[in-house]
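Student: Provided herewith is a single structure, encoded as C-alpha cells, for subsequent inquiry.
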C-alpha cells in the first residue's frame, strides 16, 4: 500500500481547506500559516523562496510596481494617461469631495410605528425609507457599546468569513479572529471590509431580531415550508464590519431582494440610483464591461442621490435600486435581505440580469426559483379564497402574479427545463399551477374591468405620510377601492361637489382636486350609496366635470340626519338591513332621500353600453338583476360600493384591498315597489299598463299615461294566445305565469325606433337580455362563469326537451336545496307578476342553414302548436262574428260556384275554411291577422300546456287536450286566419263557410301547386317549412 504524500515543514498530507504556496526553487509546497505567508499577500510575491532555500538563494522576490503615479499629479484620472482604480485611496478621496443631489428628494421618513404593511402597500415600496429612530420598528439589537470583539465572542474565532480587499476589489477568506485582530490594530496596511457574514445559525442570532415589517413581508419567513427538502435560504441577518474608507461598488442586491440596514456604531453613506429601464440597461452594460473598475457608474446616469445613515438610523432600500456604499469611519452595522410581494416584477427582472451577467453563486439568492414556486402556489390559494369570499386582491398582487406566471412558463419550457428542474419542488405540479394561476388572474382582471374599471397605476403618486394620530387616516386615493369604474361609478371623494359628509369632528376640504381622507372606521355606507347616486345621475348636457346641483336645504337636512343617526347598514339582496333598535333612524334617512326625487326626475337616459355590465361571480343561486332602459330614481343598482370591512375583528391580509366591493342584486319587482316608475307613452311601460288587468299591476301606474288601443289589443292577443280563456286571465291560476309553472312568460318589447321584438321570458333569477337597438348590433350581457359540473347537469336535464335553433334557451339553475321556499315564493308572486320582462332574450334573425330532412318525420311540438292555433282561431271567430259588422260585396261568378258547392256539402261540425283566394279584408281584420301570425311563432316555440280552455276536459267542446304526436287530420280540420268569417264577405254564418274537401268538388280554376289542401294553405300562412320548422 502506497504511503500518502506529505508536504510542508509540518510533514502533513494535503488539506484542501488550508492555503498553500509552492517554492520556486525546491518545488515543494508549504502551508501559508507554517511559513508566515498570508493568502491575500501571496499575489504580491513574484518568486517565493521557502525557509530552507532562503539560505542559498536569498529572500523571496516581490513584484515591482510599474509606472507608479504620484497622487498629487492626478485629478480624477483624466489628467494622466492612467485612470483611477475603484476603491483606491485616491478614488475614495475624490468621491468624498464630490457633490451629489440629496436623497431627501426621494426618501420617505416615517416613524417606526407608521411603517406598516399598509403604508408600503399604498406607496408600493418604490422609494427608500429612512427611519431615524428604531422605536416602533419591533426589532431587537445589542446596545451601542457592542463591538467586533463581541461579535467574535458570539460567533467564534475560527469562523471562516469572506472579506473584500477594497483597494483591489477582490474577495479573500479569513478567520474571524484574524479580521478582528486587523480591525483593532492601529496600523492597517490595507482596507478590508466584511459585508457577507450571515449569523442566523449562531448565538448572535439570539441578540438580533429583524424589523417587524420585514418579518411580515418576507417570503422565506412566511411561505417556506418546514418539510421542504431544499435548504432554507438564510439571508435575513448579516453583520457588516467595515473600517474607514471601505467602499462597495454599485450593485443590485441578489435576486432583486430588498434590504434593511441599521447602523449600530459609526456611519455609512449610500449612493442611490433609481431602477428605471434606462438605468438598468446602463447598469447591465457597465457590469459586463472590461474596464468596470475604472468607471464610476454614478456618472453615467441622470441622477445619483447621496444618503447618509448615521448611528441609530435604519434604512430600507426597495427592490432593484442600484446602490454603492462608502464607510467614512469605522462602522458596525446589521442588515438583511428579503423577498416580498410588493414588487415581484422587479425582483424577477433583477434575477434575470444576474443570470445574464453570470454572477457567482456566492452572490446569488440561494434557491431563488424554489421560493418563487412556493409563492406561486400561495398566490393561487389567495386568489381563490378572496374570490370565494367576494373580496378582491390588490392591483400590485395581480401584476406580480402575472409576472411570476410568465417566469414559470419560461422556466418550464422544454428547451430550458434542464437548468431549472433541480429547483422545482416535488410537491408542485408545474403545468397545473401555471394553468390554474392564469385562470385566476383572468377572472380577477375580468372583475376589475366589469365592476371596478381598469385602474391606472396600482398606487397613487402621493408620498405624504399618514397622520400621527392614533387612528391613522387612510389615504384613500392609494387604496384599490378608489379605482372604481370610470364608466359606472364615482370616486367617493368627488360626491357632493368634492365635499364629503364625514363623521363629527372630521375636517372637510372643499378645494377641487384635493384628496379627502376619511377614517376607515367612520365611513357611512348609506352616505357612500348617496354619493354614488349623485355622481352617477349627472345631467346629460355636461359630459365631463358636471355636478348635480341640489338645494342647500336638502343637502343640509340629509347631512344632519346622517350625522345624527350614525347609520350602520348592510345591503342584503338589495334591502337595507339595519342593526337592532335603529329602524327609526333608517326611516328618517329614507325620508331624506325622498327629497332628492324631484331633482332626479330631470336626469337623462344612460347609454346602455355603460350599463350592461354585471359581476361574474355572484352568489350561487342568484343572478344579478339588469337595469332597464330608463334608470329608476333613487339609489343606484349594480354599482360597486366601497364598504369598510363589515367585520370589525377581521384582519386584513397583505395584498387585500381595504374596502369590500359589493353589488346590488335587487330584482325589478322589488325596485318597482320601492320607487316610482317613470316612462313615456308608447314605450315599454304602456305594455305593462295595458296588461295590468291581467297581471294585477297597481292601478296607479295606468293612470299616468293610458296606452293606445292598438297596443292594448296586442297585449290582449299575446295573453290570449298563451292562455286560451282570456276572460279568466286575471286570476293567478289562469295567468300565463301559472300555466307554465309560475316561472315563464312571453312579452313584446317595443324599442326606441318603433320596432317590436319578441321576448321569451325566464325566471327572474335566470334572466339574461340582449337589447336590440336600431342600427346597432345586439349588446349582450357577459354571463358569469359556470363551473363544469353545473353546465353538465343543465345539459343533461334539458337534453330531452324540444329546442328551436332560432331561439336561445337560457340555462336553469339548480334549486334542490331550497325548492320548498321557492315554490312558496312563486305562488305568492304569481298574482302581481308582470307579463313583460326587460331581461328576456331577443336574438337577431339570421339566415337558416340547410338541414337534413327525413321523409315522413313529424315534429310533435309543431303538430301540437298547429292544433292550438286552429282551436284558438275557431273560438275567436265564433266570438267575433256575433258582434262584427257584416260586409257584403258583389260576388264574382267563380265565388258563386264555390259557395253553392260548399253549402251542399256542408256538415254541422266541419271547421270553417276560406277559399284559396279571398278578397281583401277590412283594416281591422288585417290587424287581427298580423297579430295571430306573429303569435303562432311563439306557440310553436313553447310546448302547449293544458289549461281551462277549448281543449281541456272543462272546455266547450268537451275533448281532452291535444297530445304531442297527434296530427290535425285525425282530429279536426285546421284553421287559418285567412279562413275566418271576417275575411269571407260571402259567409252566411260562422258555421257556413265553404270547404273544398276534394279536387272534384270544385269545378272551377285549378288551385296553385302546394295550396290544394287546407293543411298546405295553413302551413303557407303560418310560414311553416315542410320539415316542421318555423321560417322567420
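Just so you know, the numbers here start at 1 and follow the chain as drawn.
From the backbone N, Cα and C atoms, a Cβ is placed for every residue, glycine too.
Copied straight from Swiss-Prot:
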- 251, 253, 323: Fe cation binding site (BINDING)
- 473-483: compositional bias 'Polar residues' (COMPBIAS)
- 583-592: compositional bias 'Low complexity' (COMPBIAS)
- 620-632: compositional bias 'Basic residues' (COMPBIAS)
- 644-655: compositional bias 'Basic and acidic residues' (COMPBIAS)
- 699-710: compositional bias 'Low complexity' (COMPBIAS)
- 724-739: compositional bias 'Low complexity' (COMPBIAS)
- 774-784: compositional bias 'Basic residues' (COMPBIAS)
- 848-857: compositional bias 'Basic and acidic residues' (COMPBIAS)
- 882-891: compositional bias 'Basic residues' (COMPBIAS)
- 970-990: compositional bias 'Low complexity' (COMPBIAS)
- 199-355: domain 'JmjC' (DOMAIN)
- 5-56: zinc finger (ZN_FING)
Student: I want to check the contact list for residue 253 (Fe cation binding site): same chain, sequence separation of six or more, C-beta distance under 8 angstroms. What comes out?
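Tutor: Listed in sequence order, they are 259, 317, 337, 350.
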Student: Counting Cβ atoms within 10 Å across all protein chains shown, which of the binding-site residues 251, 323 comes out on top?
Tutor: 323
Student: Could you break down the residues of the zinc finger (5-56) into DSSP helix, strand and coil, giving a count for each?
Tutor: 13 helix, 13 strand, 26 coil
Student: Suppose the Fe cation site is 251, 253, 323. Which further residues of the same chain have a Cβ inside 8 angstroms of that site's Cβ centroid?
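Tutor: Once 251, 253, 323 are set aside, the remaining close residues are 248, 250, 252, 259, 317, 321, 322, 324.
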Student: For residue 251 (Fe cation binding site), just give me the three-state DSSP call.
Tutor: strand
